[in-house]
Amino acid sequence: MAEQKKLLRALAGETQDVPPVWMMRQAGRYLPEYRATRAEAGDFLSLCYNPELAAEVTLQPIRRYGFDAAILFADILLLPQALGAKVWFVTGEGPRLSTITNQSDFNALGGVEAIHETLSPIYETLKILKSELPKETTLIGFAGAPWTVATYMIAGRGTPDQGPAHALKDTDRATFQQLIDLITDGTIEYLAKQIEAGAEVVKIFDSWAGSLKGQDFHDFALLPAKKIIQALNARYPNVPIIAFPREAGPAYEGFAKAVGAQCLAIDTKVDLEWAAKVLQPDSCVQGNLDPKLMVEGGDKLISETKRIKEALGNGPHIFNLGHGITPDADPANVDVMLKALRG
Ligand code: CP3
């Protein structure tokens, strides 16, 4: 039997001398070849819904750097669109959506059954990737976590403090809970189809989990993740899941076990010695190089890469950034990081 892929071995709990590596937002504007394909596609959403071009940009960082995993090129805001929200991107500013501020806005959304009609090109992208990826490269599918997706659906845009979503949660709990439940159910069906189309691992991005505290963190970050993972585990017991409750702080402790994830992605604020001692016994840990170092480069990029490799080297580890690589990153710094990591 062929040796198992490096990333899958880490997710199965194996400690490796050199960890598998990939980068959040590895297909993106810091790469000239991405900018060229994006120009060919027109706007960002057209690129997401064009299977040939979306597969092409997914493959670009694999060709250039030989990462151990490819992540589907898509966006967490495609599911809201498939549920009937209006979604568009303003260049230089970010996403815009129709807002959900009350029960009647919620009632205007469609049901979960209808999502696949909109999302079928995404499944097509995965099928292309499955046949085109090098045999050692793992294919990762993904979705946003319900809370993070809800913050955009409620506010109609990105917000620094997720204020509108907190306001709906605190003033109209019934509508808020219905929205969380709808996104949860939609995410289960969306990820199930991604797995059927070829995703070997799925990642759940809860980028704004850090703004939920105490009972709210339990109810709206932990419980929805657990529900999604339990449903997927029941249908696809061999597909590992990476959870990313970004900036959860002390609430990272016990999270992987509580939700049933095989891997916990950590942000740049998580202390490495703490992660090794408290998180790694429960699951594989993914992270957590500061994306700023991909802009700055230099000796610090090398020393931090080695420090992370060493600190998490006694347990299962996937090397990654603590958040997405930014458009101002220097592509040459990725080579510097890979050399420091792989030798
Ligand atoms: O990681 C990858 O390479 C795969 C593709 C991917 C994208 N977005 C492509 C993208 C993934 C996994 C995402 C996830 C995503 N999208 C998240 C969660 C992760 C995180 O970063 O916290 C969130 C919150 C979004 C929503 C979103 N999409 C925002 C807020 C923005 C605008 C900000 C920005 O970086 O421009 C996007 C746009 C987006 N998604 C781009 C890419 C490559 C840039 C679009 C462009 O080409 O102009």
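Just so it is clear, glycine is given a Cβ too, placed from its N, Cα and C backbone atoms.
Sequence annotations record features per position, and here TrEMBL assigns domain 'Uroporphyrinogen decarboxylase (URO-D)' to 20-29 (among others). Outside the domain 'Uroporphyrinogen decarboxylase (URO-D)' (20-29), and at least 6 residues removed from its termini, the chain residues within Cβ reach (under 8 Å) are 5-7, 9-10, 35, 38, 57-58, 60-61, 65, 67-71, 73, 138, 140, 318-321, 323-327, 334, 338, 341-342.
Look at TrEMBL and you will find Arg25, Gln26, Ala27, Gly28, Arg29, Asp75, Tyr152, Ser207, His323 tagged as substrate binding site. Long-range C-beta contacts of Tyr152 (substrate binding site), restricted to its own chain and to partners at least six residues apart, with a cutoff below 8 Å, comprise Ile76, Leu77, Pro80, Pro95, Leu97, Gly158. In the three-state DSSP assignment, the secondary structure recorded for Tyr152 (substrate binding site) is helix.
Feature annotation from TrEMBL assigns site 'Transition state stabilizer' to Asp75. Around the Cβ of Asp75 (site 'Transition state stabilizer'), the same chain contributes Phe44, Leu45, Cys48, Pro95, each under 8 angstroms and 6 or more positions distant in sequence.
Under the heading domain 'Uroporphyrinogen decarboxylase (URO-D)', TrEMBL lists 140-156 (among others).
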Asp75 (site 'Transition state stabilizer') - helix vs strand vs coil (DSSP): coil
Secondary structure of Ala27 (substrate binding site) (DSSP, helix/strand/coil): coil
Around the Cβ of Arg25 (substrate binding site), the count of other Cβ atoms that are within 10 Å: 17
Those residues of the chain, 6+ apart, with a Cβ under 8 Å from that of Arg29 (substrate binding site): Arg35, Arg38, Pro327
Least surrounded among the binding-site residues, given as Ala27, His323, when other CB atoms within 10 Å are counted: His323
